[in-house]
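Going by TrEMBL, these are the annotated features:
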type	residues	note
DOMAIN	B:56-169	domain 'Ferric oxidoreductase'
TRANSMEM	B:22-40	transmembrane segment
TRANSMEM	B:56-76	transmembrane segment
TRANSMEM	B:88-106	transmembrane segment
TRANSMEM	B:122-140	transmembrane segment
TRANSMEM	B:161-180	transmembrane segment
TRANSMEM	B:186-204	transmembrane segment
Amino acid sequence: AAPLSAVKSPFSTDEKLTSREDVTSYNNFYEFGTGKDDPAAKAKSLKTSPWAVKVDGMVGKPAEFAIEDLIKSSTLEERIYRMRCVEGWSMVIPWVGFPLADLIKRVEPLGSAKYVAFETAYRPEEMPGMDTVFPVLEWPYVEGLRLDEAMNPLAILAVGLYGETLPNQNGAPIRLVVPWKYGFKGIKSITRISFVDKQPATSWNKQAPSEYGFYANVNPSVDHPRWSQATERRIGEGGLFVKRRPTLMFNGYAEQVASLYTGMDLRKLY
Amino acid sequence: MAGRVSAPGAAKGFVLPQVPKILVYIVGFIPAVWLFYAGITDQLGADPMRYLEQALGLWALRFLIATLAITPLRQLFNVNLLRYRRAIGLLAFYYAALHLITYLVLDQGLDVAAIVADILKRPYITIGMATFVILVPLAVTSNNAAIRRMGGQAWARLHKLVYVAAIGAALHFILVVKSWPTEPLVYAAIVAVLLGYRLVRSLVKKPSPRRRAA
């Protein structure tokens, strides 16, 4: 991991950080296996250099960005965000990245573009978790945001954490971070970003539509069909005797994002 | 010991060295002791409570499977482990109890409202809890006095509930995970094979009159 310099951000929380050890050893990245420790153990095989992100679809200036150019040409910020997993645990992570909106402006989306679709690398030979008898998900992993969500200043493309480039298990070399949504929306190791006019397919929604919606906004009052979302366990807090804490609406980012969803029934559009 | 080795089951096939039953308990509790020690000394990773909870549940399922394997091992391979079955079955119950206590105390912090809501609303918790409830009478009657009191037939009938418990435990595991990872499916497949074996055998051995007529 190479050091990255970043400026501080007013969007950062001052909550206690989850340790670097926990952030980089307890991961969901099913391309490397379904165990929480699989990504840290197996993601070394992913070759992150060279790496390009293709931006295409309904844009005036489609482009392919080499990751190092993207980092060099962006003002990197440290964003300390809460991360809430749909499984009911949470972390506080010091990401390093830049607003997704910056990239969007550079490629000049057309008026017809309504959504942004993301795609993870598809490399079975470097991603051992993809090669299972029953695929856990349909590969490659895909995610999406509505264009106005993507333009929200909280949405970032992260290229590092704890002041250094991303470890592979956290989605190197570039991943999405949308802190008001469940963690699975934060697609990792992105190779393609497309601007489209229809709501794009998203991996977990395809896998179990009744359990994972397109929006996946953190919402303590809408339970997952199989478990409650009212509370969460903060990783690294209290060890065996961790006390659950209440989950906050939009993961505590309601002030910045609630207006995106006015008039929407969040029970139906979960 | 030499006299015991020539017990009817072992006499035909190969002879297993017999160990005191207490050893089954001692070995059986090693994972629990290690897990609690590792939990207290912070060696269970980033989410130690969840690790402990899941590991205890998994051991309960493993011991449940082990009790179900004893009959087929005897019938198919002439390996007689019958004298350890009670100890293994009780270990399954003890691990299930530890798993439940971990959920109630460490996971939910004895929040009665949250626990009741979980039991009523979450199928995997409903099934897990029902499975534990089924195991209780089996554990309570796992002694010679109970067999004498109940009579062998009634006792055997009651203990057939272990089949239901095994199905419940396997389902509980499948329902708690996202998507269809391999591990819970493998455990469910093992349970299915062990129960399927009994079903097939009961059909082959003594078909019911109706079946024969058809």
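Counting begins at 1 with the first residue displayed.
Keep in mind that glycine also has a Cβ here, set from the backbone N, Cα and C atoms.
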For the transmembrane segment (B:22-40), find every same-chain residue at least 6 residues outside the stretch whose CB is under 8 Å from a CB in it, and list them. 48-49, 51-52, 55-56, 59, 63, 84, 87-88, 90-91, 94-95, 98
Chain residues in Cβ proximity to the transmembrane segment (B:186-204) (below 8 Å; excluding those fewer than six residues from its ends, i.e. six or more beyond): 61, 65, 68-69, 71-72, 75, 163, 166-167, 169-171, 173-174, 211
Across the domain 'Ferric oxidoreductase' (B:56-169), what does the mean pLDDT come to, as a whole number? 96
DSSP tally for the domain 'Ferric oxidoreductase' (B:56-169), helix/strand/coil in that order, comes to 100 helix, 0 strand, 14 coil
